[in-house]
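These notes are about the structure you will find just below.
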Amino acid sequence: MKRKNNKFIEISIAFILGVALGIYGQNPDYFTNLINQKSLASSAPKIKHYNISELLRSKVSTCFTPPAGCTKFIANQIDRAEESIYMQAYGMSDALITTALINAQMRGVKVRILLDRSNLKQKFSKLHELQRAKIDVGIDKVPGIAHNKVIIIDRKKVITGSFNFTAAADKRNAENVIIIEDRELAESYLQNWLNRKASN
């Protein structure tokens, strides 16, 4: 009986090792990514609560597509920046927003951008154009996708929503943009930006 149990254990170990080696052979990064994902999942999310009555005293603006026009709405906000712009973006291919960011950099505004890694290969991404303009552009190497769509202006204004910074978001998709002018909220978003930057 003991010999049979030992044989069963040996077969089980061999089977598990076989599966593990098979997975590793097809995708050497599988276990590294799995560990990274588990470590991300195990760390508690940073949840911050806001008193709605306080936020209601903030200036809030919205924009929806269709019809087109949210790109110009966002670019106008960038044009008003005086000190700093921190951006997180999944898609970054819109010419008008790119021009507004470059112009901001040229007039002395500190512009810092974090993009999803897909921009390294996307044909229409403005990544290299932004870098040529001497803008600090980093890649967020989160195991999944960096799906944020956030712009923090002068540490007091947050632009966010479903809107990717692409022509498709403005002209083809149904999207939303919200702008909230609130220093405490902006600092919370900025801290997340800095945390993502530090982790890369």
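Each Cβ is built from the backbone N, Cα and C atoms, and glycine gets one as well.
Taken from Swiss-Prot, the feature signal peptide applies to 1-25, supported by sequence analysis.
For the domain 'PLD phosphodiesterase' (142-169), the model's pLDDT averages out at 96. Per Swiss-Prot, the feature domain 'PLD phosphodiesterase' maps to 142-169; the stated evidence is sequence analysis.
With a cut-off of 8 Å between CB atoms and residues at least 6 apart in sequence, the same chain places Tyr90, Asp116 near His147 (active site), listed in sequence order. The secondary structure of His147 (active site), as reduced to three states from DSSP, is coil rather than helix or strand. Annotation source Swiss-Prot lists active site at His147 (among others), citing sequence analysis.
Here Lys149 (active site) comes close to Gln88, Ala89, Tyr90, Thr160, Gly161, Ser162, Phe163, Asn164, Phe165: these same-chain residues lie at least six apart in sequence, with C-beta atoms under 8 angstroms from its C-beta. Look at Swiss-Prot and you will find Lys149 (among others) tagged as active site.
Around Asp154 (active site), taking its Cβ as the centre, 17 other Cβ atoms fall within 10 Å, counting all chains. The active site annotation in Swiss-Prot covers Asp154 (among others).
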